[in-house]
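**Q** Encoded as structure tokens, here's the structure I'll be asking about.
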Amino acid sequence: MGCYQTFFFKLSFSLVLLIVGVGLGGVASAGLSASFYDKNCPNALSTIKSAVDSAVYKEARMGASLLRLHFHDCFVNGCDASLLLDDTATFKGEKTSVANANSLRGFEVIDNIKAELESLCPNMVSCADILAVAARDSIVALGGPTYTVAWAEETPPLQT
């Protein structure tokens, strides 16, 4: 394993531990389940994995980009997918903010996954859950460890 790959693996693993640790702080009260979508959208995990594997195969750096999206989404105010919101006439989203300019990428991968899941299971899989699983699957696609993702059984409202 080259120096760059070793560094990337250690960085990825450290970020995963941080995200999982932050996320576990609210597991008991948040209504999370590792099997929620097994009956509600049985193809969710395989759909996300397939899309992530394809994106990482096309460009290995996309794995790190998807992990970074998840990290930036969860770091402020929890994992709410607010990072994915598009601008409107009255709202400037995080996606196009100056702070994230030329920094975050991979939005199109998540958007494509969401579109595919909407055709399979309309209004079922949250964008925050997609980000969490895509981050995990990107780590696995690059040869890193796997871990269980606890799905949100009910998406809480965004608090401002």
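Even glycines carry a Cβ here, placed using N, Cα and C.
Note: TrEMBL annotation is automatic and uncurated.
TrEMBL feature annotations, pasted as is:
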DOMAIN    31-149  domain 'Plant heme peroxidase family profile'
DISULFID  Cys41-Cys121  disulfide bond
SITE      Arg68  site 'Transition state stabilizer'
ACT_SITE  His72  active site, proton acceptor
BINDING   Asp73, Val76, Gly78, Asp80, Ser82, Glu94  Ca(2+) binding site
DISULFID  Cys74-Cys79  disulfide bond
**Q** So of all those recorded positions, Cys41, Arg68, Cys74, which one's Cα sits nearest to Ser82 (Ca(2+) binding site)?
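**A** For Ser82 (Ca(2+) binding site), the closest Cα among Cys41, Arg68, Cys74 is found at Cys74.
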**Q** Near the residue listed as 'active site, proton acceptor', how many other Cβ atoms are within 10 Å of its Cβ?
**A** 17
**Q** Looking at the recorded positions Val76, Cys79, Cys121, which sits with the largest number of other Cβ atoms within 10 Å of its Cβ?
**A** Cys79
**Q** Using C-alpha positions only, work out which of the recorded positions Cys41, His72, Cys74 is nearest to Asp80 (Ca(2+) binding site).
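**A** For Asp80 (Ca(2+) binding site), the spatially nearest of the recorded positions is Cys74.
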**Q** Specify all same-chain residues, apart from the site residues Asp73, Val76, Gly78, Asp80, Ser82, Glu94, whose Cβ lies within 8 angstroms of the center of the Cβ atoms of the Ca(2+) site, ordered by sequence.
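**A** My list of surrounding residues reads His72, Cys74, Phe75, Asn77, Cys79, Ala81, Leu83.
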**Q** So for Gly78 (Ca(2+) binding site), how many other CB atoms are inside 10 Å of its CB?
**A** 17
**Q** Helix, strand or coil at Cys79 (disulfide bond), per DSSP?
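**A** Once the DSSP labels are grouped into three classes, Cys79 (disulfide bond) ends up as coil.
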**Q** Using C-alpha positions only, work out which of the recorded positions Cys74, Gly78, Cys79 is nearest to Cys41 (disulfide bond).
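**A** Closest by Cα distance to Cys41 (disulfide bond) among the recorded positions Cys74, Gly78, Cys79: Cys79.
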**Q** Note the mean pLDDT of the domain 'Plant heme peroxidase family profile' (31-149), expressed as a whole number.
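**A** That stretch averages a pLDDT of 91.
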